[in-house]
């Protein structure tokens, strides 16, 4: 079991898919679940603690748009307390193509910066023990929802970054895989803005397509964590879990 008795940091573990996934993780019996999120939700934390009293659930306020130095400082506090951390889940995300800079900052740069910060503690070249990174990306990283090109591009960037992390595992000792949900019924998709208002009804149109519940997505997320497959590109769509093959059109040969 990958989750049982492990120490896990979950960035944005109180959000839509994030909170349902936190529930499923707690059921699987980690030693510690550390949730980093922008807004504290004491009721949600209490619910997680009650779900499995054997699991220590803690919360720290965290905005993924802060600097690597600020993130490193927070992670040091966590590592000093827990001594070891086994898994980092990067789950922060927004869907609003009106907010171009913030979309990129949260969906991509935040993932890169949080990952960069934890490397100070995990990188085997620095004497670290290695670790596991699960990055929540999106099926829009495979094929864009063209009405929200900024969101789609930010998720494609996060996916590419994750694929590179996986290939760097022999050097760093840190493995990685991506979690790519399809259309999931969350507050994120009920109302959002298209880029330059190219399609005012984009949210409504999207929800006309088949969807999955947050619980279905969360349960498959936990299955992906337990599979612990470095480099996997997991598609979580319509209640199913599938490791997809990435088509290679070019190779640097280095």
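Using N, Cα and C of the backbone, Cβ positions are placed for all residues, glycine too.
Under the three-state DSSP scheme, residue 151 (active site, proton acceptor) falls in the helix class. The active site, proton acceptor annotation in Swiss-Prot covers 151 and rests on sequence analysis.
Cβ neighbour count for residue 31 (NAD(+) binding site) (all protein chains, 10 Å cutoff from its Cβ): 16. Residue 31 (NAD(+) binding site) carries neither a helix nor a strand DSSP state and counts as coil. Per Swiss-Prot, NAD(+) binding site is recorded for 10-33.
Swiss-Prot lists 138 with the feature substrate binding site. The number of other CB atoms found within 10 A of the CB of residue 138 (substrate binding site), across every protein chain shown, is 27. According to its DSSP assignment, residue 138 (substrate binding site) is coil.
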Select the most exposed residue of 10, 19, where exposure means the fewest other Cβ atoms within 10 Å, treating these as the binding-site residues. 19
Should one count Cβ atoms within 10 Å of each candidate's Cβ, the binding-site residues 13, 16 would be headed by 13
Inside 10 Å of the Cβ of residue 28 (NAD(+) binding site), count up the other Cβ atoms and send me the figure. 19
